[in-house]
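S.K.: Can you keep this structure in mind? I'll have questions shortly.
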Amino acid sequence: MEDKTTLQKIKENRHFYYFLVPFLLFFSVFMLFPIIFSFYMSLHRWGGLGQATFTGLKNYMRIFTDSTFHTALKNTIFMWLTSTPLILGFALILAVMLNQKKVKFLKYFRVGYFMPFVTSTVVVGVIFTILLDSSFGLVNFFIESVGFEKIPFLTSTTWSKISIVIVLTWRWVGYNTIIMLAGLQNIPEDLYEAAEIDGGTTLQKFFYITVPMMRPIILFTFILSTIGSFQIFTEPYIMTGGGPMQSSLSVVQYLYNSGFQQFRMGYASALSYVLFAIIFVASYFQIKIGSGEEGI
Amino acid sequence: MFEKENIKTYVFYILLITGVLISLLPFVWMITSSFKTLAEISEYPPSLLPDEVMWNNYVDVFDTVPYGRNLFNSFFVAIMYTFFGVFISATGGYALSKYREAPGRKLFFAVILSTMMIPMQVLAIPLYILMAQVGWINSYPALILPFAAQGFGLFMLKQYIDGIPDDLIEAARIDGCGEFRIFFQIILPVIKPAVAALGTIYFMNNYNLFFWPLIVTNKSIMYTVPVAIAQLQGQQFGIPLHHIMAAATLSTVPLIIIFLYFQKYIISGITMGALKG
């Protein structure tokens, strides 16, 4: 048994390859090849037609001094750092509320909160374009009826980013609530019972049992949100076009503009590699945290 | 004491209901706006219900853009993508789960896993060039195939197949059952819940996909619904908000029905990733 050659092993397990080949084929052509080709492209200048010229690391050097990229990166980081705590904070509170033993209509609440996630981002974008309109938007109607002045959500450089954050929060709270609710249901009931016997208050139970027990799930959702945030594209594309004056331009929209509007394919490839590096650093933590029970 | 408990319960439900209203109000607004005239949508103060129900918006949107075709494209592409993507994830997941002796298994698994977090935007440029080279711009294969092999799907189904006892497969082998028959007649029926969960997630993701169809189509008859709506929104003069809202409603309602029908699977699919990943 021990002395099988690799060839024999391959032959014996040939069905492994038969079963894996369809996936592997499409994975190689549409995933591995683009990853490598993208890097090759990023070392060239290419306008979409004709011959590409090798430029070495020039594209990457340019990214460092490209003020539009810096703006886009700053905007993206702003949207990430403001929306993520809002989303996860609301989601955790909501999940704890929905996890109470005697909540009535739980099924309906869950569906209601989940609905924003089901809808396409484009549809969400067009709805909020109307809702947040500076002259006739419903949100401004509410703001005015409680005595404040209308806010130019989509047309001011300060508010455009915040508008995107509002939409992100609205869309992603329900999704994260569902994940957190599943996590909460995994916390052993007797922990809470023991705390109750010791006279623990609701708040104490939340901070000393719920939060520590939920740490892995919160971390997981945090990393999902981080990765998602660096991919923001549709919301600004639909609602503000990245404006006014690039105030809501995201990294991916800049990538899109460079590649598909200005046809600077090489530069856009370099941008995509920088984006990849940023996301890789973020997801590295997830792999670290998630490993241990991978079962390889 | 009794009173205090009661007030607490009221506040609790008021908060929950307010949250649900915030979640749902934009949908209500979309639907009621889709029956308003263009002038009424941009009226201030806004009105919840239309003065006069404009069914015409739903007719006109099919005249201004080939929206019937766009709806067909979206459904066709999403269905094909779902079946194909889930199928190759199931076979691949089975291979990685149950042929533990196969040389190269760990390497394949590690490579696939390591690409799981790569977003499609990173691949967009080279994929676009590839599509242009093979003449697939404005084609169904370009909309269906590129993101069918997802590490996420493979991993999810592998995890599920890991839970199937090897004895079941061994017993079938001893009975003279071929490897492919084992997969189709034993494994597939057992993993149905995971397949349904992944399938609904794939369908929703693909139906709602915007970035890739935006890049790979430029003829209005090949647009999927999100691109068609975005093009309406992107018009320079006189954005037809009433048509956009009608189009948005038409594209969202089927999805909500699908969601309500499959919600058990969607929710289990999402939480599966969280608790095991």
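Cβ coordinates come from backbone N, Cα and C, glycine included.
These came from TrEMBL, pasted as-is:
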- B:12-32: transmembrane segment (TRANSMEM)
- B:71-262: domain 'ABC transmembrane type-1' (DOMAIN)
- B:75-96: transmembrane segment (TRANSMEM)
- B:108-131: transmembrane segment (TRANSMEM)
- B:143-161: transmembrane segment (TRANSMEM)
- B:182-204: transmembrane segment (TRANSMEM)
- B:244-262: transmembrane segment (TRANSMEM)
S.K.: List, by number or range, the same-chain residues at least 6 past the transmembrane segment (B:182-204) whose CB is under 8 A from its CB atoms?
M.R.: 78-79, 81-83, 85-86, 89-91, 94, 150, 153, 156-157, 160-161, 164, 168-169, 172-173, 255, 258-259, 262, 265-266, 268-270, 272
S.K.: By a Cβ-Cβ criterion of under 8 Å, what residues six or more beyond either terminus of the transmembrane segment (B:244-262) are in contact with it?
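M.R.: Cβ under 8 Å, 6 or more out: 27, 30-31, 33-34, 36, 41, 57-58, 60-61, 65, 67, 71, 74-75, 196, 200, 203-204, 207-208, 225-226, 228-229, 232-233.
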S.K.: Given a Cβ distance threshold of under 8 angstroms, which distant residues of the chain, six or more beyond its ends, lie next to the transmembrane segment (B:143-161)?
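M.R.: Here the qualifying positions are 73, 77, 80-81, 84-86, 88-90, 92-94, 96-98, 112-113, 115-116, 120, 123, 127, 131, 187, 191, 193-195, 197-198, 202, 206, 212-213, 216-217, 222, 224, 269, 272-273, 276-277.
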